[in-house]
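Straight from TrEMBL, the features:
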- 26-491: domain 'Major facilitator superfamily (MFS) profile' (DOMAIN)
- 72-92: transmembrane segment (TRANSMEM)
- 99-117: transmembrane segment (TRANSMEM)
- 123-145: transmembrane segment (TRANSMEM)
- 157-179: transmembrane segment (TRANSMEM)
- 191-210: transmembrane segment (TRANSMEM)
- 289-311: transmembrane segment (TRANSMEM)
- 323-345: transmembrane segment (TRANSMEM)
- 352-372: transmembrane segment (TRANSMEM)
- 400-422: transmembrane segment (TRANSMEM)
- 434-457: transmembrane segment (TRANSMEM)
- 469-487: transmembrane segment (TRANSMEM)
Amino acid sequence: MPGGGISATSDVGAIEAPVTFKTYLMCAFASFGGMFFGYDSGYINGVTGSSVFIQVIEGAGAKTLSGPHNSLIVSILSAGTFFGAIAAGDVADTIGRKWTVIAGCAIYIVGVILQTATNGLGLLVAGRLIAGIGVGFESAIVILYMSEICPKKVRGALVAGYQFCITLGLLLAACVAYGTGKMTTDASYRIPIGLQFIFGFILGVGLLFLPDSPRFYVKRGRIEQARKALASVRDQPQDSEYVEAELAEIIANEEYERSLIPAGGWINGWLNCFSGSVFKSNSNLRKTILGTSLQMMQQWTGINFIFYFSTPFLQSTGAIKNTFLISLIFTLVNVCSTPISFYTVEKFGRRPLLIWGALGMLICEFLVGIIGDTVGFNRTHTDAAGTTIANNIPAVNAQIAFICIYIFFFASTWGPGAWIVIGEVFPLPIRARGVALSTASNWLWNCIIAVITPYMVNPGEGNLKSNVFFIWGALCTAAFVYAYFLVPETKGLSLEQVDKMMEETTPRTSAKWRPTTTFAQDMGMKEGGKLDMNVEDVERKGSIF
Ligand code: BGC
């Protein structure tokens, strides 16, 4: 019999232990991985502006990096992260989630050492490629690991903690770039690069003390290890009724999914991610499309236009004097708004966050575009000294304010929301690869946008000025429609219940779904005598959609 010797329950509310402080701390630790993500995305802008660094790459006397070198140095990280994320799914199913993240940290540290030691382009590019592979491992598998170990009631909030760390990483990068930018020795680039070592070290060493995901052990048929890991992350004794019931549920779900998605070789494993009909909302293909397109949409919101290009963009308008300060304000709004999602994602759910968030962003973006075109950024004149000055300073300030409100909407909704949902929608047999593909999609679109945006706004090319916000506004409109029709509500459900919910509902009706049976019950597992326990109210109320 499946999971023989484990007491199951048919009480849908009794499959998880109450959340303790220790559980919070253990589950939140891995979110520190977000620091790599944010810092790595942000620090390079400062380094490529350092005059010492420019001379190391281009030779003595050079004043700027050549276009191809600049583009290679910036984008090689995304290439590494893209391939790293895809490979990480396989690795995580083989050696486990925890060891994949630790391996990612080790790869990352090797990449960081190469970059810090660099005296020319070759070593730097090789170092960034290798570090990128490490970041790819880490960014995909931290989400997978956290989604699998976090208690369902606070899973969204804890995964949002990962996004919070991304924002802190971006802020730290901006501050370090500011502090080291004017240095006249090689410390101006070796300090920002070398600092990354600390992140890899803390995450890698810290994880050594945490258990692997119980769901990974179940997938590998190592039930006793799964029990031990589960007891540890739920802060319960190994023979606790809650641990028994949750374990039975994970095993029964794995059995069920396995009967639908037969295991096979490596190729089959990948083919499984694309199996089923595109018209069935719970097919693997649809889940893979959902995860990858959600991350694509997150990038389409245009957020990295702000974080990668706000300084040159603001400079090019000629309307802002202290561009660094404004960029810092953008980064601070990002940091301060993210924690709001810790509460809202569990109170209102994932769907309302993504729908209202897209609406808020698109309104702000269109307003920035309209004000810019009529009275703001796009309307400047040149004074007698040849300096470009905005015709209407209050209008320019209004645009800045709307960009801040737009960042507020992103940081409190789509920023964390996209990561939370990709960790929840995949069934166990394809979860590692599904999350890996979705993360790779984030990096791919991140890279595409980083490469094409300069052409849209460069004065010598597209010269769109703030009209570029019409493009982001249109893409956010697509994200709004997309979230309404395609994103299911996963709040308050165990990962196994998410599976069932996606089978029995459509995204638009998903918020109303309540579990009525457990997987253990459906699979005919031994009843553990918990039928009389109070059914915990799953509290999925409160959603507007
Ligand atoms: C996105 C990044 C972005 C960051 C900003 C993340 O969720 O994936 O591309 O730079 O949020 O906070």
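For all residues, glycine too, the Cβ spot is worked out from N, Cα and C.
The shown structure was predicted, so the numbers you read here are calculated from the model rather than taken from an experiment.
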Spatial neighbours of the transmembrane segment (157-179) not adjacent in sequence (6+ beyond its ends, CB under 8 Å) are 24, 27-28, 30-43, 45-47, 49, 142-143, 146-147, 150, 191-192, 195, 199, 307, 324, 327-328, 331-332, 334-335, 338-339, 341-343, 345-346, 411, 415-416, 419-420, 423
Among 123-145, 289-311, 323-345, 434-457, 469-487, the stretch with the most Cβ pairs under 8 Å to the transmembrane segment (352-372) is 469-487
Comparing 72-92, 99-117, 123-145, 323-345, 400-422 for Cβ pairs under 8 Å with the transmembrane segment (191-210), the winner is 99-117
Ranked by Cβ pairs within a distance under 8 Å of the transmembrane segment (289-311), the first of 99-117, 323-345, 400-422, 469-487 is 469-487
Other than its close neighbours in sequence, what residues sit by the transmembrane segment (123-145), given a CB gap under 8 Å and a spacing of at least six beyond its ends?
-> 30-31, 33-34, 36-37, 40, 57, 72-73, 76-89, 91-92, 97-98, 100-101, 103-117, 159, 162, 196, 200, 203, 213, 419, 422-423, 431-432, 435-436, 438-440, 442-443
Within the domain 'Major facilitator superfamily (MFS) profile' (26-491) only, compute the mean pLDDT.
-> 91
